[in-house]
Amino acid sequence: MGGCTSKPSSSVKPNPYAPKDAVLQNDDSTPAHPGKSPVRSSPAVKASPFFPFYTPSPARHRRNKSRDGGGGESKSVTSTPLRQLARAFHPPSPARHIRDVLRRRKEKKEAALPAARQQKEEEEREEVGLDKRFGFSKELQSRIELGEEIGRGHFGYTCSAKFKKGELKDQEVAVKVIPKSKMTSAISIEDVRREVKILRALSGHQNLVQFYDAFEDNANVYIVMELCGGGELLDRILARGGKYSEDDAKAVLIQILNVVAFCHLQGVVHRDLKPENFLYTSKEENSMLKVIDFGLSDFVRPDERLNDIVGSAYYVAPEVLHRSYTTEADVWSIGVIAYILLCGSRPFWARTESGIFRAVLKADPSFDEPPWPSLSFEAKDFVKRLLYKDPRKRMTASQALMHPWIAGYKKIDIPFDILIFKQIKAYLRSSSLRKAALMALSKTLTTDELLYLKAQFAHLAPNKNGLITLDSIRLALATNATEAMKESRIPDFLALLNGLQYKGMDFEEFCAASISVHQHESLDCWEQSIRHAYELFEMNGNRVIVIEELASELGVGSSIPVHTILNDWIRHTDGKLSFLGFVKLLHGVSTRQSLAKTR
């Protein structure tokens, strides 16, 4: 397992604010650079500038002595005269195969030139038609005094700067400069536009880099942000030799989880969380941590999934590689950061980028090597629950702040969890039988889980009768809303919760509605909990039900052979739901999945 111990050196410090090079390498022969820029799938994939292909060195030509082509006279009169040839056979040239290879390469290159030229012409024509006007202010020179360059990335660079006038006069800031010449496609233009929109829309969190303004001229776009002079989190990890104590790691992770939970509530997924994208405000040991670089971020609704592959290889989640993901992908990245903080090594490592991707998809992180045996059980459990490959089993950022390892560190205000919306929506659309099953399962919740749900219930401002309604949810959203929440259309999602418009929900039902069966299944106590839940269901919720009625409750169409699918869901002795049917009902196993298994 490779240690997180080095960073690419450069005469100019890598720019923490600048957008990263988005290149996806699929060739196993391409080494994975430790400081490599984020990956982004693209129809046109360029070779990495860090790893050019090497051409063979020219062979040294050996001078050979010429041979006599004539036969000459024989020393014996009885010998047969040698046959005379027009020219002698020369020894095989040691450089001939090299010349052949170079000739074939030249032919291929010449054949490819027309296609390459055509592609370049098409790109130039496309670029000519691109609208690179963003509508930003053009008064940069009158308001901002640019200083020296402090960092450089593939698509731009960052300068220190000062405000010349106004309330912020003499305030030091960082200005990210993105040349418009680098914006060669509509996608790259939209990326810049979206980054500014997200920075402008997100506000009000102490661990979020402050955005001041955006400017443009004919040559560049300028994004003015808070100047963080304390360096990257990665620098501090390296300065410590790659290992943090558990308490020091908690102090870092609490800040990361808090700001990520805030972004997720606003409907923003960062998609490139890594130590390089967290900066300290000052050199002080206990200075505040700020998340930066929203160049790959996007808006996402609670019921929406993204499909483009973006991020950095070591931190990318499995579902991103499968092209179907949402906010849980950020939580995976936090799990990788937590693993590095506690042991100094990456959980997934390989010599090539494609090898890293295979490890992310197939391998399990090791908790057997030092220092893991000496760390607390709670610390290991915390990291494991962030690195579940199934995103449905992964903790959310808000839930992670309630994990026993974190919760015991100091008093933390738990942010509202966007997962609650998804769970309530699914609950309201469930059959009465599934609601009864969820109610039985909620009776087995642990104390820690109940504390988390109590905090979430309080965020929804229950009325004097102890009930939450659609209006109270709207009020809770308005209390926590930023402009980003409007962009991600989260308020529109409330239309799917109309079941609460005329009927409130008390805390007991809220627990049943909010419980995540997949998360609960990942706990060590699952087998015991599900057995106990079934016993409670037998006493209070189970009833005699025929297959046709069960099919109706599940919304199974008449064209589906329900007896084949649901036969094992019902006990033949008394016609009630079997334990297997109870478990499947809780998981919400679709009839399509069940039908596929019977074939």
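Using N, Cα and C of the backbone, Cβ positions are placed for all residues, glycine too.
Pulled from Swiss-Prot, these are the features on record:
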ACT_SITE  Asp272  active site, proton acceptor
BINDING   Ile150, Gly151, Arg152, Gly153, His154, Phe155, Gly156, Tyr157, Thr158, Lys176  ATP binding site
BINDING   Ser472  Ca(2+) 1 binding site
BINDING   Glu509  Ca(2+) 2 binding site
DOMAIN    144-406  domain 'Protein kinase'
DOMAIN    448-484  domain 'EF-hand 1'
DOMAIN    485-520  domain 'EF-hand 2'
DOMAIN    521-560  domain 'EF-hand 3'
DOMAIN    563-592  domain 'EF-hand 4'
LIPID     Gly2  N-myristoyl glycine
MOD_RES   Ser37  phosphoserine
MOD_RES   Ser312  phosphoserine
MOD_RES   Ser578  phosphoserine
REGION    1-128  region 'Disordered'
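Features recorded in Swiss-Prot, as mapped to the structure shown.
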residue	record	contacts (Cβ under 8 Å, 6+ apart)
Ser472	Ca(2+) 1 binding site	Leu460, Ala461, Pro462, Asn463
Glu509	Ca(2+) 2 binding site	Met439
Ser578	phosphoserine	Asp568, Trp569, Ile570, Arg571
### Overall pLDDT for the domain 'EF-hand 4' (563-592), taken as the rounded mean
79
### Message
Distance check, please: Cα of Ser312 (phosphoserine) against Cα of Arg152 (ATP binding site), rounded to an integer number of angstrom.
### Response
18
### Message
Using the alpha carbons only, what distance in Å do you get between Ile150 (ATP binding site) and Asp272 (active site, proton acceptor) once rounded?
### Response
21
## Note on the structure
Secondary structure split (DSSP) over the domain 'EF-hand 1' (448-484) reads 25 helix, 1 strand, 11 coil
### Task
Count the Cβ atoms, other than its own, that fall within 10 Å of the Cβ of His154 (ATP binding site), considering every protein chain shown.
16
### Task
Six or more residues out from either end of the domain 'EF-hand 2' (485-520), which same-chain residues have a Cβ under 8 Å from its Cβ atoms?
197-198, 201, 265-268, 299-303, 390, 392-395, 399, 418-421, 423-425, 427-428, 435, 438-439, 441-442, 445, 449-450, 453-454, 456-457, 462-463, 465-470, 473-474, 477, 526, 529, 586-588
#### Entry: Binding residues Ile150, Gly151, Arg152, Gly153, His154, Phe155, Gly156, Tyr157, Thr158, Lys176 (ATP) - maximum C-alpha distance in whole Å
15
## Note on the structure
Residues outside the domain 'EF-hand 4' (563-592) whose C-beta sits under 8 Å from one of its C-beta atoms, at least 6 past its ends, are 426, 430, 433-434, 437-438, 441, 517-518, 521, 530, 533-534, 537-538, 542-547, 550-551, 554, 556, 598
